[in-house]
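Q: Here Swiss-Prot flags 20-38, 53-75, 88-110, 161-178, 199-220, 230-252, 325-347, 362-384 as transmembrane segment, drawing on sequence analysis.
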Amino acid sequence: MIDSTAVAAGHAKQPFYKHLYFQVLVAIIAGIALGHFYPTFGEQLKPLGDGFIRLVKMIIAPVIFLTVATGIAGMNDMKKVGRVAGKAMIYFLVFSTLALIVGLIVANTVQPGAGMNIDPATLDAKAVATYADKAHEQTITGFLMNIIPTTIVGAFASGDILQVLFFSVLFGIALGIVGEKGKPVTDFMHAMMYPIFKLVAILMKAAPIGAFGAMAFTIGKYGISSVTNLAMLIGTFYITSALFVFVVLGAVCRYNGFSIVALIRYIKEELLLVLGTSSSEAALPGLMSKMEKAGCKRSVVGLVIPTGYSFNLDGTNIYMTLAALFIAQATGIHLSFGEQILLLLVAMLSSKGAAGITGAGFITLAATLSVVPSVPVAGMALILGIDRFMSECRALTNFVGNAVATIVVARWEGELDQEQLARVLSGKEEFTSIADVDALPASVQPAE
């Protein structure tokens, strides 16, 4: 084991410009400036962002497999697996529904689309046809069946998080059941965690480059001026998401003995990475490592975080109901209380059916509107141009929601070291980055 005091002391001497969060922040600002002043060149930098995200996705499957399988194999009671999963799903259902309700309430109160008086017949339905077609392809049954991989290799080859998680849980249970006979396999997997997380640390060094390219492309392609036309909707969504994080999730954090502000400060590097790349998957390995370092047992971290990436989408849920009512208001369509409840129920189901798909937020909205006849699907053309600017906020809110969920479920299950959590969140035991190799062994230390 590494002396955490010595590690923290080493961090204190590190210049601020060597911290990953500072490098990513500078890269984001530079990307915005380049995209604004040289938009054509900025658009050409898209491969930098895409390449970095692909690099991270490359190692997500082994990180999940090793974390989940070793965590479950180390459980003395296999019933804990079902109990942790059950508590996590209850938490996800409650807060996903709450996020949808918050979106409805804010949309009815602020009415960001009121007064636009847009004729639905003048909207270009072709612009959103691709999203609508993808939405129709998704069903709850199809989604559930897709969790089961056709082959083990196929799950890892496709990088499907839920398929990898499904196999990892079953494999971990099998390892736990065979006991001592499976110990060589468990020891090998523990040993494999060191080079895998070392690889994660190496890849994270490229995070500023990825964030720079992704932000330069976004601003270069869509332009800052495109935001001003629908600033009311964007502002309403950002403020609502911030209130949800600091008020709703903040209250949950206080009830469970920690501060939402301290938690956000602890995961600031991952949040900046999500902001820069618009992909919460890019920060998944870092979040898993930090949650374990914060005192959550590996078995809980391995189950809650990957599952939450598909089922605990607070930001996406706020966006769905808020955007749906915005379209209705902008096109002069009045939705009754009953129609809004229908919208809420459909959104609850469709958000699960479209989980894990690229552009899931927009596709889920298309799926919801296609079932609710009162609101025209073509109305999505109104927000197509600014959706990219709202995707960052969706991803950030989803990310914070999953961090909170992990700690809360770990505490419910009695699998949280609260003293360790307090030390880490107070800064007494610093863990600055997944890219900080010195800190990694403590978070992947084999179970005694």
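Backbone N, Cα and C define each Cβ position, glycine as well.
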Q: Are there residues at least six beyond either end of the transmembrane segment (199-220) with Cβ under 8 Å to its Cβ atoms? List them, or say none.
A: 20, 23-24, 26-28, 30-32, 34-36, 38-43, 45-53, 55-56, 59, 63, 272-273, 275-278, 282, 285-286, 289, 388-389, 433-437, 440
Q: Can you work out whether the transmembrane segment (230-252) touches the transmembrane segment (53-75), with the criterion being 3+ CB pairs under 8 Å where the paired residues are 6 or more apart along the chain?
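A: Since fewer than 3 Cβ pairs under 8 Å link them, the transmembrane segment (230-252) and the transmembrane segment (53-75) do not come into contact.
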Q: What stretch of 20-38, 53-75, 88-110 shows the most Cβ pairs under 8 Å to the transmembrane segment (161-178)?
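A: Selected stretch: 53-75, with the most Cβ pairs under 8 Å.
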